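**Q** Have a look at this one before I ask anything.
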């Protein structure tokens with residue numbers, strides 16, 4: 001029933017070679033070592049036992065020959081036959097994560113192969129480079145560009161007329177009255193400067209034409225550097241227009257920012273109107289509002305010079321009748337427009353409109369004349385003046401404007417003195433030695449940042465010059481001694497060189513009109529480009545030569561000065577002055593400086 005099992009050991013002992021093992025596998029006989037023989041015997045015994053158990057499970061009633069399944073048994077070259085292990089569920093569960101990774105790896109390889117196949121197909125497709133589609137210009141971008149441009153100039157208001165600062169013309173070449181030519185010659189003026197030429201050429205023909213027909217003419221805005229002769233530019237035409245008047249009425253109002261300018265403008269008008277019966281009044285805070293009202297009522301002036309605040313007080317008290325007003329002149333307009341002054345522009349213009357009599361057909365409309373060295377481009381500020389057909393005159397070599405129109409005189413030379421911040425403690429001494437070394441010992445105007453610093457610097461410089469055996473007279477003007485009498489006295493002494501060096505602040509800068517000033521020194525830098533222009537504009541007036549020096553200590557002040565200078569239009573670049581402090585100041589100078597400081601401290605304690 002059972003076939004006899006083949007025993008390799010038996011065959012080996014018998015020395016015979018089996019033809020067939022009965023499993024359909026040809027076995028090769030090889031010589032084994034003792035250890036290999038023992039291992040081989042154990043494996044054969046295990047194989048016999050497993051085959052014996054499997055054979056018992058077969059049906060003994062079957063008569064057919066048994067066929068063994070050879071799939072699970074394999075014989076290697078070493079006569080080893082291994083059975084396939086059974087699948088263990090615990091084993092699969094334990095290594096499930098590894099199986100999952102293997103599965104994902106297999107899937108990803110399949111996807112990559114698919115992509116490569118797709119790529120081969122796409123390679124045959126013609127490819128084109130990506131180019132942006134053409135887009136229409138956005139209206140918003142155009143608007144923003146326009147707004148940015150308008151904030152840098154006044155083209156949005158009117159087309160500017162440029163005039164060269166070097167232009168000159170004899171006053172006799174204008175159609176002026178004989179008395180005007182004589183008065184100008186008495187004042188020492190024979191030639192008109194650029195700003196005066198531009199304004200006179202524009203206004204004198206219109207004044208002559210208005211004698212026959214009262215057509216309304218456009219307003220005028222003038223941007224010219226400080227000291228260019230703006231006061232004469234508007235004073236001459238208004239006197240030419242009024243000197244034939246019969247009945248005195250308020251026909252001209254001139255607004256200025258400070259009381260010193262009131263005196264300056266009134267003095268110019270009185271000299272130009274000499275020989276006429278024109279009445280000129282100045283409204284100041286020196287007297288009460290009621291006293292001024294009585295004076296205006298008893299003697300009605302033709303021309304009023306005032307600050308905006310004082311004028312508004314009189315308008316609210318009905319002290320002034322504006323029904324005959326012909327000219328509204330705003331001098332130093334940038335400062336007046338930057339400060340509200342009781343909302344003066346709205347009050348004044350509303351008062352003018354309310355007193356217009358539309359029944360008077362043969363009547364001249366009010367013409368506005370605006371003058372400034374730093375004319376603003378702010379539409380909000382300029383719109384409050386309600387211009388009619390405005391015309392803009394810019395006296396400047398360059399036609400490239402900045403946000404604010406700042407210009408300095410053409411004849412002005414500017415210099416920058418840059419020193420390290422460590423030298424700041426010797427600042428008064430450096431200034432003193434600089435003035436001595438450059439022989440700038442008269443007609444010098446020095447600007448400081450405050451009243452206290454101006455007084456302190458005056459005391460220090462006076463002491464230092466005395467100790468250095470140099471006899472100079474040094475004075476100061478600030479808001480602490482700005483009474484009309486004191487101010488006029490000091491300015492007269494300064495003009496006559498009885499005072500050699502004058503120290504002041506920004507508050508007083510615009511009221512100083514001394515033609516003899518040759519040098520301006522910015523001991524402390526100004527707070528804005530506008531103030532810088534008005535500071536340095538105290539010299540180089542009326543086409544005379546002038547010099548401006550600015551002290552910069554440290555990188556911070558140097559950067560600030562560069563910003564100020566960048567916003568100013570000029571015909572010449574700012575020059576740098578190399579100042580060697582070690583050569584300029586000796587040990588003896590420092591000892592004198594320390595003594596002067598000690599004396600000043602002792603005076604302050606008293």
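Using the three backbone atoms N, Cα and C, a Cβ is placed for every residue, glycine included.
Note that the coordinates shown come from a computational prediction; the quantities given were computed from them, not determined experimentally.
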**Q** Could you check which of 331-334, 335-338, 339-342, 343-346 is flagged in Swiss-Prot as motif 'DEAD box'?
**A** 331-334
**Q** May I have the DSSP-based helix, strand and coil counts for the residues of the motif 'Q motif' (169-197)?
**A** 16 helix, 4 strand, 9 coil
**Q** What are the helix, strand and coil residue counts for the motif 'DEAD box' (331-334) according to DSSP?
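**A** Taking each residue of the motif 'DEAD box' (331-334) in turn, the totals are 2 helix, 1 strand, 1 coil.
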**Q** On the 0 to 100 scale, where does the mean pLDDT of the domain 'Helicase ATP-binding' (211-393) fall?
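**A** Mean pLDDT, the domain 'Helicase ATP-binding' (211-393): 90.
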